[in-house]
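Visitor: Not my notes, these are from TrEMBL:
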{"type": "DOMAIN", "residues": "A:2-305", "note": "domain 'FAD/NAD(P)-binding'"}
{"type": "DOMAIN", "residues": "A:320-383", "note": "domain 'NADH-rubredoxin oxidoreductase C-terminal'"}
{"type": "DOMAIN", "residues": "A:424-473", "note": "domain 'BFD-like [2Fe-2S]-binding'"}
{"type": "DOMAIN", "residues": "A:559-620", "note": "domain 'Nitrite/Sulfite reductase ferredoxin-like'"}
{"type": "DOMAIN", "residues": "A:631-769", "note": "domain 'Nitrite/sulphite reductase 4Fe-4S'"}
{"type": "BINDING", "residues": "A:Cys640, A:Cys646, A:Cys680, A:Cys684", "note": "[4Fe-4S] cluster binding site"}
{"type": "BINDING", "residues": "A:Cys684", "note": "siroheme binding site"}
Amino acid sequence: MKKVIVIGNGMVGYKFCEKLAAHPDFEAFQVVVFGEEPRPAYDRVHLSEYFSDKTADQLLLAGRDWYASKGIALHTSELVTAIDLEAKTVTTHKQAVYEYDNLILATGSAPFVPPIKGADKKGVFVYRTIEDLDAMKAYAAKLKSGAKAAVLGGGLLGLEAANAAKELGLEAHVIEFAPRLMPRQLDDAASAILQAKIESLGIGIHLSKATQQIAGDEAIERMEFADDTHLDVDMLIISAGIRPRDELARACGIQVGPRGGIVVNEKMQTSDSHVYAIGEVALYNDGIYGLVAPGYEMADVAVHQLTDGSKSMAASIDMSTQLKLIGTEVASFGDPFIENEEVAAITYVNKRNGIYKRINVARDGSRLYGGILVGDSSDYNSLFQIYYNAMKLPLNPEDLILGSRGGDSNILGSVLDLPDTAQICSCESVSKGSICKSIEEGTCSDLKDVIKCTKATTGCGGCKPMVVDLVNETLKALGKEVKDTVCEHFKYNRQELYDLIKIKLIKTFEEALARLGSGCGCEICKPVIASIFSSVYMDTANKQPVIQDSNDRFLANIQRNGTYSVVPRVAGGEISPEKLIVLGEVAKKYNLYTKITGGQRIDLFGARLHELPLIWKELIDAGFESGHAYGKSLRTVKSCVGSTWCRYGMHESVSFAIEIENRYRGLRSPHKLKGGVSGCIRECAEARGKDFGLIAVDGGWNLYVCGNGGATPKHAILLAEQLDDATCIKYLDRFLMFYIRTSGPLVRTAPWLEKLDGGIEYLKQVVIEDSLGIAEELETEMQGLVNKYECEWKQAIEDPKLASRFKHFVNSDDVDDTVEFVSLRDQKMPRPW
Amino acid sequence: MEELLNNYTSVFPDTATSWVRVGHTSDFPENGGACVKHGKLQIAVFNFSLTSKWYACQNLCPHKLEMVLSRGMTGDTDGIPKVACPLHKKTFSLEDGSNLNGESYQIATYPVKIQDNMVYIGFSDK
């Protein structure tokens, strides 16, 4: 057993334990951890949330039980007071002595308190630990309402602290010595945008202020500045930088830097080869790194050095950062300030929306050196990768922040162009290579797997969009189509399910689940499979009611208050006075609201569930049949009056519309289908706004396909000209069947055509020239469906078992007494929501 | 209508004080739902015959307060049995009544017992 002692249980000290515990050689180690704070390591990055919505326990990175479960001895509230390098021991303030083989110094840093007169007064705090926050909270509670708190330091942590002060209900002010906020990350223009945003939230910003004295009797009352101005405050939080906690190392003779920090090499080793230093205490390449990501990286390196020796620290540490500060997105990467003979800055300022973007680009356009984003950091991931991997820039580098105006919006090109070493998830240090490899080697087959096995995206989550892209692109590159599967229960798309059901002669949903899917199904796959059964076998919705979409299950359209509307078929919009009277009488008898639909029929609203079979009995007795207004199926074929009456009409549009509507009635499809027939080019039937439309011309019909009205209107496109009636029907059979076979669920003909490779020309080849050799098959299939048509409402009322579903209560004949109507222009409507 | 919502509170097998017979198992469609009446309450009952499980919940959709959930489509997501409201396809877990679209409203659920092919629902009537 190798004895490892970790001094310091902050974020980086914890990360070391986590990484070591996850290492395959962990069993060879005995780990003892000392933390001077009373609780295990917690998330200091989100410390201000302690005042808003998190408890100390919620901020913990891992509870005590985690350390126990890993066999790690955690001593909190125990301070190490001395290290003996010769004896390889440490001594704690309890005079306990512990031996080590390797020592990890993760002692972190302490807040730097500048030597300002009065800094020892009551009401002056630093901002680092939960105890600091508790003390601030207790002090603030005793102040009068409207009290003011100042934060000394306008860096990243200072702004967090100002947010914390605001959360305490204090009027917050930020005092910064430099002429701008976050001087290490932002330039003046970026700072100005951030300042405006923060001030708009009621936080005061005071720049270029050198604090000379903290005045007050016993407690702080006033801050006095070098420019003879002052600010009255009741509390002060100092956040003016950090000092590495190197006192233990210094005392035992380990080498420290002239301005503090324990000197380490690329292995994180100190001047004593058994002792390592990581995190904010480590002085690497003459620098101290106060960000969590480099600290985690150091922890990882130390773990590898103790085990397989496979990793050392990169020569330059990247200080790029992306975060949300007081609600504003801020990011800074690479060298945010560089500008010289070789490098030019490109900036975009939008004061209206509070957005600033800057990129520093080689004047010859060869590479990106760094940049700043304020107000909108959504491009950070892409920009960081381009900078970090010295990738080629677009012809107009400004496209990187402005978007390429016209055309491709992805500034990175393909994510697959990134080098394998590109770090995608910096929280968990996951490279592009390891994500792609996990898929290429077959360990992972989708996003879920990749996240589980690489841990990518589990930290801050900022890399998620890029990980998603990488997974999809890698799958595509492997020829594994990123499938538009129907849902979690079927790993097929609609077309594949259609073919499989047909070939395997699957007839019930349960059988489809057992042979092609898994689970219980859901509201997405059930209607898709139901529609396929209907298209393959001409099953009506009565065969398997529970897998139908809710409207099909009850053969009616559910409306606002849970009542239904009834729409009988009125083919071509032609209706006799007798039938009109029947509709009127039924509507009167059942007190239904009536309205003419857009498809030249009559809609009867407000029928209760149990009334549906009664209403339909009367309608069917009078010669009506279902209008399938509730289904993804043929709705209506609208017509103008045509040559029988109209003095301009060229052909009999009504007769032909009726013939077509009756041919395809009951036909279920991926989405609703509408048709139209116009008797002349005046187009009164609006046939070109339909999935299929016929317009009478000299010598026959022009056939248009794939139009629709609705939210994205599309004119139907000419498929063939001057057709006789029979050819028209032949082409329609082929077209409709081809669409039903190949479309995705709930995709109407217009978007289907848009996605069809080759578009209308290809469709012409299939339908007219029979380029696929399936025309006859399509016609036969359609004729089969036409022959099997039955009115499903007739079925439903004739079979008492089928009719039993139209009852509100299973155990009572009562009606639903919660349904309410109010009156509207001599009729009724549901009580409004 | 809002006061209707207050009529429904979840009952668990161990908090049920009475088990009410609401029908024969064959009264309820397989892998679908139907509604039963208990006093003022409307309860949607679901027969998941694929998994041989039964569930019950309020028939009232909390989204627009209509008595429609028993007419919704059933199914599961990640193994959680659910119902989708027929009005706007809001989905609810039939195990704990939580909304599965991440919205705040949820539904009350009730325990179901099958004995001698009869369906019983547990209530905690005061």
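The count begins at 1 with the first shown residue.
Positions of Cβ are set from backbone N, Cα and C atoms, glycine also.
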Visitor: Taking the binding-site residues one at a time (A:Cys640, A:Cys646, A:Cys680, A:Cys684), which has its Cβ surrounded by the most other Cβ atoms within 10 Å?
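Guide: When each Cβ's neighbours within 10 Å are tallied, A:Cys640 tops the list.
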Visitor: Which stretch, A:2-305, A:424-473, A:559-620, A:631-769, tops the Cβ pairs under 8 Å count with the domain 'NADH-rubredoxin oxidoreductase C-terminal' (A:320-383)?
Guide: A:2-305
Visitor: Counting CB pairs under 8 Å, which listed stretch among A:2-305, A:559-620, A:631-769 touches the domain 'BFD-like [2Fe-2S]-binding' (A:424-473) the most?
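Guide: Going through each listed stretch, the top one turns out to be A:2-305.
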Visitor: For the domain 'NADH-rubredoxin oxidoreductase C-terminal' (A:320-383), how many residues does DSSP put in helix, in strand and in coil?
Guide: 4 helix, 35 strand, 25 coil
Visitor: According to DSSP, does A:Cys680 ([4Fe-4S] cluster binding site) sit in a helix, a strand, or coil?
Guide: coil
Visitor: Cβ within 8 Å of the [4Fe-4S] cluster site centroid (A:Cys640, A:Cys646, A:Cys680, A:Cys684 excluded): which residues?
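Guide: The answer, listed by sequence position, is A:Val641, A:Gly642, A:Tyr648, A:Gly649, A:Ser653, A:Ser678, A:Gly679, A:Arg682, A:Glu683, A:Ala685.
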Visitor: With DSSP, how much of the domain 'Nitrite/sulphite reductase 4Fe-4S' (A:631-769) is helix, how much strand and how much coil, in residues?
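Guide: Taking each residue of the domain 'Nitrite/sulphite reductase 4Fe-4S' (A:631-769) in turn, the totals are 52 helix, 35 strand, 52 coil.
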Visitor: Check the domain 'BFD-like [2Fe-2S]-binding' (A:424-473) for me and report the mean pLDDT.
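Guide: That stretch averages a pLDDT of 81.
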Visitor: What does DSSP give as the helix, strand and coil breakdown of the domain 'Nitrite/Sulfite reductase ferredoxin-like' (A:559-620)?
Guide: 26 helix, 14 strand, 22 coil
Visitor: Treating G and I as helix alongside H, and B as strand alongside E, what does DSSP give for the domain 'BFD-like [2Fe-2S]-binding' (A:424-473) in helix, strand and coil?
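Guide: Summed over the domain 'BFD-like [2Fe-2S]-binding' (A:424-473), the classes give 27 helix, 4 strand, 19 coil.
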